[in-house]
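Student: The transmembrane segment feature in TrEMBL is assigned to 44-64, 118-135, 141-162, 183-205, 211-229, 267-288, 300-319, 331-350.
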């Protein structure tokens, strides 16, 4: 045992002390040495799993799925934009109940393994659901929604399972925790940027159903991760204790959630997300309309979303390097205000004011999308930091997933509320006369959470510490760990 540890330590030092090329050459070789270091210390199958699930499945596959679903609902199922909003919320429900999947992977091993079977089963479910949509020429809407929901279920289970793997390696290799989070974030960001960039081209060439057929490949990759992953087998697991472990975890989460230091910011997060009505489907239908709108091509729509991904990434960098030590209330005040003002760019576009200033539609919307996503990222990052501080000892990961589910529930309410608004204003596939009013109402509601800032604590979110009054109660469950789910918020918001 000692000999194995010495070998691993020698390998680690060899990687770290490798005199690789520096300077300009290091820009190319640096990432390779970084990947090599992570593979040596935490096994290559773990690095492969992170890149496959975060980068290829969630990043690239998630981008293709989003654009493909937009066109599938519009051109194949031919639903109204208000209906598409509601259906989008329904298909996202598996992400709202992610803590359930997290608890399953933590406390219910299958055939002695906690992670590998869940990867394999979720990958199989993803392949079947995507094939079901792509191979049916006249699929009824209800079955299409069920298939899309099953696809999201597969993605959510794979997501929490790889989160658990990251958490386990963060515990066993604490000095590499930041490197693992960087690997997750960079994989997701680059995958999403690539996916949005090529999504329009594939929609144009093979149609939305063809794109769903392509998505079987990222789904199959999840099963491959389960086959290749190096994981120790659990022996003599006491399945009769599963119910007690679920009960202990639920009790600990409820004890923490009802504390004022926790429920107040959670209430703010839920309300601020809910009232920021999502009317993206109405805007998408207008973008692609040949009479009332600018009639953007499929390729242009993909490039627009890719600029949004760049804006979001820049927002994360700006927060990390410049704004992370700012007062929480000040950050939320200015970002919430700017978020509402940024929505006015959509109003100017729909009213065609940009043309009066000689700014083409495409350039104007690219700028607007990048700015809006950057501000939204800046608005969300301090809340993520705060949420990580609200988690009690012993169930940090699962409780963080619960907090993120509260945000996802707000997103669901926002989507359904936006659909109701579009329906009331009679915004349809071909009628957009009152779309400007929907945008104006959305923008006003975006700034309304400013009056609820008293719910969040003052000061630096990094310095906030959860009261340990009930620490004894909240530390009952053991080994219920999931990694930070920051990257999952990009899929949903």
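Cβ atoms are placed via backbone N, Cα and C, with glycine included.
Keep in mind that TrEMBL annotations are predicted by a computer and have not been checked by a curator.
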Student: Which bits of the chain, at least 6 residues beyond where the transmembrane segment (44-64) starts or stops, bring a Cβ under 8 A of a Cβ in it?
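Tutor: For the transmembrane segment (44-64), the list is 35, 38, 119, 155, 158-159, 162, 165-166, 169, 180, 183-184, 187-196, 198-199, 202, 211, 214-215, 218-219, 221-222, 224-225, 228-230, 305-306, 309, 487-488, 491.
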Student: Same chain, outside the transmembrane segment (141-162) by at least 6, Cβ under 8 Å from its Cβ: which residues?
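Tutor: Residues 49-50, 53-54, 57-58, 61-62, 65, 69, 72, 77, 79, 87, 90-95, 98, 101-102, 105, 115, 118-119, 121-123, 125-126, 128-130, 132-133, 215, 219, 222, 225, 401, 482-483, 485, 488, 491.
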Student: Pairs of Cβ atoms less than 8 Å apart decide it: which stretch in 118-135, 267-288, 331-350 has the most with the transmembrane segment (211-229)?
Tutor: 118-135
Student: Excluding the flanking five residues on each side, which residues at least 6 beyond the ends of the transmembrane segment (118-135) place their CB within less than 8 Å of a CB in that stretch?
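Tutor: Contacts of the transmembrane segment (118-135) (Cβ under 8 Å, skipping residues fewer than 6 from its ends): 49, 72, 104-105, 110, 143-144, 147-148, 150-151, 153-155, 157-158, 161-162, 209-210, 212-213, 215-216, 218-227, 229.
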